[in-house]
Amino acid sequence: MATKLLSLTCIRKERFSERYPLVRKHLTRSRDGGGGSSSETAAFEIDDPISRAVFQVLGMTCSACAGSVEKAIKRLPGIHDAVIDALNNRAQILFYPNSVDVETIRETIEDAGFEASLIENEANERSRQVCRIRINGMTCTSCSSTIERVLQSVNGVQRAHVALAIEEAEIHYDPRLSSYDRLLEEIENAGFEAVLISTGEDVSKIDLKIDGELTDESMKVIERSLEALPGVQSVEISHGTDKISVLYKPDVTGPRNFIQVIESTVFGHSGHIKATIFSEGGVGRESQKQGEIKQYYKSFLWSLVFTVPVFLTAMVFMYIPGIKDLLMFKVINMLTVGEIIRCVLATPVQFVIGWRFYTGSYKALRRGSANMDVLIALGTNAAYFYSLYTVLRAATSPDFKGVDFFETSAMLISFIILGKYLEVMAKGKTSQAIAKLMNLAPDTAILLSLDKEGNVTGEEEIDGRLIQKNDVIKIVPGAKVASDGYVIWGQSHVNESMITGEARPVAKRKGDTVIGGTLNENGVLHVKVTRVGSESALAQIVRLVESAQLAKAPVQKLADRISKFFVPLVIFLSFSTWLAWFLAGKLHWYPESWIPSSMDSFELALQFGISVMVIACPCALGLATPTAVMVGTGVGASQGVLIKGGQALERAHKVNCIVFDKTGTLTMGKPVVVKTKLLKNMVLREFYELVAATEVNSEHPLAKAIVEYAKKFRDDEENPAWPEACDFVSITGKGVKATVKGREIMVGNKNLMNDHKVIIPDDAEELLADSEDMAQTGILVSINSELIGVLSVSDPLKPSAREAISILKSMNIKSIMVTGDNWGTANSIAREVGIDSVIAEAKPEQKAEKVKELQAAGHVVAMVGDGINDSPALVAADVGMAIGAGTDIAIEAADIVLMKSNLEDVITAIDLSRKTFSRIRLNYVWALGYNLMGIPIAAGVLFPGTRFRLPPWIAGAAMAASSVSVVCCSLLLKNYKRPKKLDHLEIREIQVERV
């Protein structure tokens, strides 16, 4: 029996860690000693969750082979059970990973004479954690690539993504081999600042600030009190700031409990202690970004204080009589007042304001890579130290004539810092979508106190961050819903547009779910909290969008490849430019008239070399894709379209074929009454009262649809009191019958009526035939053996489904419907919606096979579905789109989630991906074009014919402007509007008739 159970579970791919969560078992093994004459039994205890591994075993031909493999495996210590399937060449092993590993099991199978390869290892899946780290100090793709290489070299790291645009890293790692502390250390050793955002563990962390007169002993008492609470993992106290960090399981406890424990603690004369949630201000991404903006702004202002006088003394005052004479006054030998002023003012710009470029260069070069900081440091150093050389020579030589370039280095640094300031500001705007989502949660909430009967006994306004699971909160009109939950009292309309994009307010009544961050418009609601913190819908949306922005689009690989050799190539070109012009001048390959009066050939060559070095911009290439993806995914989230990263965006813009599931995708997903035909003169309200009283006792979906529709004719619509039904009988496959108000009521199909000799008139037969042609279910109603009415029940098409398919055709996208329903219903729905290609009676694996067939035919396929049976096809498709109202499994398998559950968003998703990708292309054209044109111009390619040259400070300004322009180009996506065709879609109305 156990073997059959294991085999069945292998087929169903259940997780054995759930079936056997923790087993404490004593295993015995024999150990031969002294020639085998004696043996001792060693018992060892294993306190370890069972893991499952599945191997493909080749070479087994019969049950004897399977038996030999099973025996060999079961001899190993730590094996709980083994099931060998010779027919399918599979071996499924349940084992304790602390006692035996999968490699030992594989070697044992091969020692038995068979070839084994691991297919699935649940231990690896369970042991993987994902942590997110914010990284400060990255300037270009070279920095992000360096950090990725560093992280991927750490033992236990399985995958690492570093996003330059949002300055974050997502690391998948095995906590048994590494830790997030080690990851932070490696990033900091690489020369960058690292701040942990989340650990990936199923715990939450909160920081509390304690106010009051505290001693070390009292802090220890608080620490012990908190550690004694169920669900608290660890408590860490920072004595300098009186801050307490608590790591806890949100399912068990919460921050309000911590504050109550702390504030209930009294230490003699110290009195009560006040605890509040600690706010560090600069921890969040937005706060950190604002701090970075302020830092660049201050640096730029200080650079102006020194650079403007340098510029004036070098470029302006030299042409003003009187001032020129003062500046040209010789102090020592050939050293002038102007040179001294420029040297003194340029030095703090070079070594104080420009210090960030030195540190950035050092960190990059220490790791064997080069970035933008290296180019800036080399270029400004060349200008500054050559200028310093001219000052020293002028001070020590009575006949030296030279020109300093202090204005070049100072202006170069000032313009680059200005560019960085504008770039950081623009990059900050690319993440505004996330900031807006995070700000949706209200600051406070009204907590209700209830007695045992559920009556409200009091209310209290609390910090919104103190809400815990199973709390009951009050939502007043005009207030935001404080947390996810369901309504236990009241009714209202809630504006969910900020989460789902749905423009119209959604009616809410008892039992309906509400989403934290949405706006209650009218009416008071009492909501029981079901999800808080990282589990909330808002937090999950934010996390999904953040993960999407971390994921690189395949086109980003182009920039990554270029960045590896870009800076070394630019340094080589810069040196070659200087050398070529220097040799040309020394060898008199160009006339001396080409040399400006204030320079010599060496200085002219140096200017060209520096210009090449500082005009090149790898940052523009690095920002081309991630900034567009950031804005695109943010805009999508605001439209109710959650796109899981750049890869999904890139694939979606190529889609030319969409496969639709029927139920819940093209249709509403639940039956409703769409038509009522009364054959006798009867009041509709009375008719439905009798029918509902009969059907309310049935659990059939069609019965529930009829009862739900009947409520519309009642004044007490929310909780109607139906007449009592006596002698209720449910006849499987036919219908129900009961006695209501002394009348015999039958509701069912033709077979039910025929069995009870109820005459079905011709017009009723026609109605049934019409219903069948329209993929509807015809239901007959008789009263006292006389047919009174015909109901048509169907799963109606979603509003605008037909128009959505038509718009897709206009976009040259082919639509196909695949469903598990019968061919009659499938063809009827397809005709109604306008789909030509239909596949019916398809199993889940057949849906996936159809997707693969379309891909083999050259189509780029998107699959749109909502159910568990759609998951294989969603995974197989180039782009999987899950209807937001569908199951969690379908949503997990998809690349794009449609929050509003309507088909219009399929069009929006594809259109947005096309617009985003065209923006990425435009960014690359600009970034590559800028470098391909700018570098030759800076090198002096136009100088021989036009005498036009690019001074280094202008080249630096152009470099800074190129990055800003790429970011601004991406920001234009924020103005995205969905296709105008979607604004004119007609809504299908449900028809109700009566005679």
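Glycine is treated like the rest: Cβ placed from N, Cα and C.
Of all ranges given (881-900, 921-940), Swiss-Prot attaches the label transmembrane segment to 921-940. Judged by Swiss-Prot topology annotation, Met334 lies on the same membrane side as Pro591.
Comparison of 300-321, 341-360, 407-427, 606-623 by number of C-beta pairs under 8 angstroms to the transmembrane segment (368-388) places 341-360 first.
With a cut-off of 8 Å on Cβ pairs spaced 6 or more residues apart, the transmembrane segment (953-971) and the transmembrane segment (341-360) reach fewer than 3 such pairs and are scored as not touching. Same-chain residues lying 6 or more positions outside the transmembrane segment (407-427) and placing a CB less than 8 Å from one of its CB atoms are 165, 289, 292-293, 296-297, 299-300, 303-304, 306-307, 310-311, 314-315, 342, 345-346, 349-350, 353-354, 357, 376, 379-381, 383-384, 387, 607, 610, 614, 619, 623, 627, 951-953, 956-957, 959-961, 963-964, 967-968, 971. Cα to Cα, Cys143 (Cu(+) 2 binding site) and Asp661 (active site, 4-aspartylphosphate intermediate) are separated by 44 Å. When Cα-Cα distances from Cys65 (Cu(+) 1 binding site) are compared across the binding-site residues Cys140, Asp866, Asp870, the shortest belongs to Asp870. Taking the C-alpha positions, the distance from Asp661 (active site, 4-aspartylphosphate intermediate) to Asp866 (Mg(2+) binding site) comes to 8 Å. Across 300-321, 341-360, 921-940, the stretch most heavily in contact with the transmembrane segment (562-584), judged by Cβ pairs under 8 Å, is 921-940. Counting same-chain residues at least six beyond the ends of the topological domain 'Extracellular' (389-406), those with a Cβ under 8 angstroms from any Cβ of the stretch are 310, 314, 332-336, 339-340, 342-343, 345-346, 383, 598-600, 603, 606-607, 952.
Within the same chain, residues 386, 402-403, 405, 577-579, 943-944, 947 sit at least 6 positions outside the topological domain 'Extracellular' (585-605) and bring their C-beta atoms closer than 8 Å to a C-beta of that stretch.
For the topological domain 'Extracellular' (585-605), the model's average pLDDT works out to 85.
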